[in-house]
Amino acid sequence: MGSEAAQLLEAADFAAHKHRQQRRKDPEGTPYINHPIGVARILTHEAGITDIVVLQAALLHDTVEDTDTTLDEVELHFGAQVRRLVEEVTDDKTLPKLERKRQQVEQAPHSSPGAKLVKLADKLYNLRDLNRCTPTGWSEHRVQEYFEWAAQVVKGLQGTNQQLEEALKQLFEERGLTL
């Protein structure tokens, strides 16, 4: 597909197209694409990640879970390695929400190194977003519950990337949580 820059832009363009009708749950209703771009940016700028497969997976991490995208489609455009990472970080939306959350906690320690990086950056982005503003319809109690659940997931991802883990640890400590 050409240079790594071209591959990254292809993934960003694909994700932007797939998420084009979606908005974040913040009061401003920011475009959803800001989230996967932000996750990829955390990986490059804060964790020092340059692995193109991991960065493409970060950009695509919610396409299968939250749009009509299939894993076969991801593989067709981006290859088997990207597909595997996206598959690892995709929740099964046919399951009830509590079961999906339980599975994330249970499966975190068994994830591949690349999937662990995407999960850490995803949690970091979401937790920073929650600190920035409460999503529409969320109580402060629900925000705290999300932090508590995220801390359980992150516990299973420890030993992956010191920079991301330190940033997350600080956010948890501000909420009275420890890993």
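Glycine is treated like the rest: Cβ placed from N, Cα and C.
Not measured: the values here are computed from a predicted model.
Quick look at what Swiss-Prot annotates:
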| type | residues | note |
| --- | --- | --- |
| ACT_SITE | GLU65 | active site, nucleophile |
| ACT_SITE | ASP66 | active site, nucleophile |
| BINDING | HIS35, HIS61, ASP62, ASP122 | Mn(2+) binding site |
| DOMAIN | 32-127 | domain 'HD' |
| MOD_RES | GLY2 | N-acetylglycine |
| MOD_RES | LYS25 | N6-acetyllysine |
| MOD_RES | LYS97 | N6-acetyllysine |
| MOD_RES | LYS123 | N6-acetyllysine |
Summary of DSSP states over the domain 'HD' (32-127), given as helix, strand and coil counts: 72 helix, 0 strand, 24 coil
Candidate nearest LYS25 (N6-acetyllysine) in space, where candidates are the recorded positions HIS35, GLU65, ASP66, ASP122 and distance is Cα-Cα: HIS35
Site with most surrounding Cβ atoms, counting all protein chains shown within 10 Å, from the recorded positions LYS25, HIS35, HIS61, LYS97: HIS61
Other CB atoms, at most 10 A from the CB of ASP66 (active site, nucleophile): 17
Among ASP62, GLU65, LYS123 [recorded positions], residue with fewest other Cβ within 10 Å: GLU65
Segment confidence, the domain 'HD' (32-127), expressed as mean pLDDT: 98
Between LYS123 (N6-acetyllysine) and HIS35 (Mn(2+) binding site), the C-alpha gap once rounded to whole angstrom: 11
Which of GLY2, ASP122, all recorded positions, has a Cβ with the fewest other Cβ atoms inside 10 Å: GLY2
